[in-house]
Amino acid sequence: MEITNVMEYEAIAKQKLPKMAFDYYASGAEDQWTLKENREAFSRILFRPRILIDVSRIDMTTTVLGFKISMPIMVAPTAFQKMAHPEGEYATARAASAAGTIMTLSSWATSSVEEVASTGPGIRFFQLYVYKDRNVVAQLVRRAERAGFKAIALTVDTPRLGRRESDIKNRFVLPPHLTLKNFEGLDLGKMDMSNDSGLASYVAGQIDRTLSWKDVKWLQTITSMPILVKGVLTAEDTHLAVQAGSAGIIVSNHGARQLDYVPATISALEEVVKAARGRLPVFLDGGVRRGTDVFKALALGASGIFSGPDQVAD
């Protein structure tokens, strides 16, 4: 079957993947209103095309945090990629590098920062969850830096995991042959079965609910990597992100997997861009399926977008 657009991958994935894996990748929180809205909000934005402009030479290259990339489209952090394919994050890293763009590796990857670095050259960012044990965090950040990662994307919208009802029904847990590779040596790599979602139980046990703006400052003391704050949706938090010395903002609702009934990211983008007033770059993830979506985000002030299947669990 010839695939002509990104949407068509979903139907194929549904046929090929085990139900637990597909549901994990595909679903949003609770009523999944925001999951639908992430797409529908894009479809309400229309173009006013100008004509008779010389477009014989097009340059899509751009710079992100000083790194030159081939296009303003980057790879969002996506957890547990080996659930979908044995090559998992290795294949994603090689593809992003071949495309001349940035890959963001999830904290909850099924390949470690060192393994991903070993796939060859490439500009890579590291998505970070802050664990209750700050030594674990400091160690992980240092490892990412040593492995040549260039920035931290700090997820700030997950003090606890969103209520993803299909994961609860499926009693979601990582398949036994996979681990959270970055945490393997720290005895935090396994996820136990639970009478809920195994991931929700893991997050409740490990992720720090006290996370606040002071921790952005703390991160700056342990790394020289720039810090992108991932999960901002309002002008108020944009001002705080600027005050905290963030290098950039990712307008994100976690692929609609955290709090349901928040706006689509494309609807929140303009507010955040206005509040940022050019003091730091603003990026977007969530609901991006076509080049026209990317163009809409750029036209509304984004410096680039991150795309994943759909910004899953980071």
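The backbone N, Cα and C atoms fix where each Cβ goes, and this holds for glycine too.
Feature annotations, reproduced from TrEMBL:
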- 1-314: domain 'FMN hydroxy acid dehydrogenase' (DOMAIN)
- Tyr24, Tyr129, Arg164, His254, Arg257: glyoxylate binding site (BINDING)
- Pro77, Thr78, Ala79, Ser106, Gln127, Thr155, Lys230, Ser252, Asp285, Gly286, Gly287, Val288, Arg289: FMN binding site (BINDING)
- His254: active site, proton acceptor (ACT_SITE)
Would you count the other CB atoms within 10 A of the CB of Arg257 (glyoxylate binding site), including those on all shown protein chains?
28
Considering Cα atoms only, can you say which of Ala79, Gln127, Lys230, Gly287, Arg289 is the nearest neighbour of Arg164 (glyoxylate binding site) among these binding-site residues?
Ala79
Which value does the mean pLDDT take for the domain 'FMN hydroxy acid dehydrogenase' (1-314) in this predicted structure?
94
Cβ neighbour count (within 10 Å, all chains shown) around Lys230 (FMN binding site):
29
Counting only other Cβ atoms and using a 10 Å cut-off, which of the binding-site residues Tyr24, Tyr129 scores lowest?
Tyr129
What count of other C-beta atoms do you get within 10 angstroms of the C-beta of Ala79 (FMN binding site), across all chains shown?
23
Asp285 (FMN binding site): nearby binding-site residues from Tyr24, Tyr129, Arg257, Cα cut-off 10 Å:
none
When you measure from the Cβ of Arg164 (glyoxylate binding site), how many other Cβ atoms are you left with inside 10 Å?
24
Can you tell me which binding-site residues out of Ala79, Gln127, Lys230, Arg289 are within 10 A of His254 (glyoxylate binding site) by Cα, answering none if there aren't any?
Lys230
What whole-number value in Å do you get for the largest C-alpha pair distance within Tyr24, Tyr129, Arg164, His254, Arg257, the residues recorded as binding glyoxylate?
19
Maximal Cα-Cα distance (Å) across residues annotated as binding FMN, namely Pro77, Thr78, Ala79, Ser106, Gln127, Thr155, Lys230, Ser252, Asp285, Gly286, Gly287, Val288, Arg289:
22
